[in-house]
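**Student:** This is the structure I have questions about; it appears just below.
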Amino acid sequence: MLILAIETSCDDTSCAVLEVTGGARSPKFAVRSSVVSSQIKVHAPYGGVVPTLAAREHVKNLPIVFQKTMKKAHVKMKDIDFIAVTQGPGLAIALLVGIQFARGLAYAYGKKIIPVNHIAGHIFSNWLLDTHVKFPLLNIVVSGGHTELILMKRIGDYKILGATRDDAAGEAFDKVAKMLGLAYPGGPVISELAKEGNSEAYALPRPMIGSKDSDFSFSGLKTAVLYLLKKEPDIAKNKKKLADLCASFEQAVADVIIAKTLKAARLSKAKTVALSGGVSANTRLRKQLQETFKRELPHVTVLIPEKNLTTDNAVMIAISAFFNKKTARSWKKLDANANLTIEETS
């Protein structure tokens, strides 16, 4: 089976062709091609994603990305069995570009479309590592727009155990980077500087780390950095202090995410924990999450995607589509849903 996938939920334009062999219980995935066109340079001057600019870039780049993807995979549309496309959540104006492109292909070539939840895509990025996943599976999705703990008792059965009440973790990274005068996106820049810093140099708060629920909050941490910079305005200009603050901030975020995930894993009796989303590329978080579970819950398998699958990509959309083939539909019955929740995904 060959699946052509399209992802345009935010500021990355991506297409992929995934080959699937074997049945639903034991599939084998082979990425025939994957192309991602980043818009970082377009949005960097604004310090964040501008929806209208994102849509404009998708319109310009998607046909090119599609052609490159098909050429690299050495396939033609007649070879494709299904078209998968991100339906939501995301920026409505950006999602529509991918949806309309998928509809056009489906109409022209007589193909069925499988709509995919973007968050489910992130979750299934780990299936490229291991398709024999043990349930219950606890997913921690950490990105610029989402920070959620999602329990899967089986494929298609999703329950949100906790989510951020304000800023997502990735959003907090970007906002703190902006305060420090650093480049966008902030996560990779802060992480690079943090390598040379002392994570205990600044006593930053760990919001909601001891709360009884599984929710997150990062606005208080962001505000603490703001007050610290008002108190010590020279931090951003001092290489050592800047590295220390970046390390301290990064450690605070990691501590909260790991503590919440560990608690939720215990309560849900999870057999597998899977990390995904853009922030899952963070080296400190990846390393410490694995170390914590090896020490505290050694019987739990921890899955972490390859770094090239942490950011938005069409490979994850294709994998998710395979497990959701029953929702395949005509091009006439597909619309974007910017506010689609994971619990609406069957």
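Numbering starts at 1 and runs along the chain as displayed.
Heads up, the Cβ atoms here are built off N, Cα and C, so glycines get one too.
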**Student:** Given that TrEMBL assigns HIS118, HIS122 to the Fe cation site, pick the one from ASP255, ASP312 that the record assigns to that site as well.
**Tutor:** ASP312
**Student:** Among ASP166, ASP167, ASP174, which residue does TrEMBL annotate as binding substrate at the site that also has VAL141, VAL142, SER143, GLY144, GLY145, GLY187, ASN282?
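**Tutor:** Substrate site check in TrEMBL: besides VAL141, VAL142, SER143, GLY144, GLY145, GLY187, ASN282, the record includes ASP174 out of ASP166, ASP167, ASP174.
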**Student:** Taking just the CA atoms, what is the gap between HIS122 (Fe cation binding site) and VAL141 (substrate binding site) in Å?
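**Tutor:** Cα-Cα distance, HIS122 (Fe cation binding site) to VAL141 (substrate binding site): 7 Å.
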**Student:** Quick one: pull the CA-CA distance for VAL142 (substrate binding site) versus HIS118 (Fe cation binding site), whole Å only.
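**Tutor:** Pair distance, Cα basis, whole Å: 13 Å.
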**Student:** Applying the rule Cβ within 8 Å of the centroid of the Cβ atoms of HIS118, HIS122, ASP312, what extra residues of the same chain belong around the Fe cation site?
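**Tutor:** Neighbours found: GLU7, SER9, CYS10, THR86, GLY90, ILE119, GLY121, SER143, GLY277, ASN313, MET316, ILE317.
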**Student:** A 10 Å Cβ contact count, applied to the binding-site residues HIS118, HIS122: which residue has the minimum?
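**Tutor:** Among the binding-site residues HIS118, HIS122, the sparsest Cβ neighbourhood within 10 Å belongs to HIS118.
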**Student:** Using CB atoms and a 10 A radius, I'd like the single residue among the binding-site residues SER143, ASN282 with the highest neighbour count.
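**Tutor:** Max Cβ neighbours within 10 Å, all protein chains included: ASN282.
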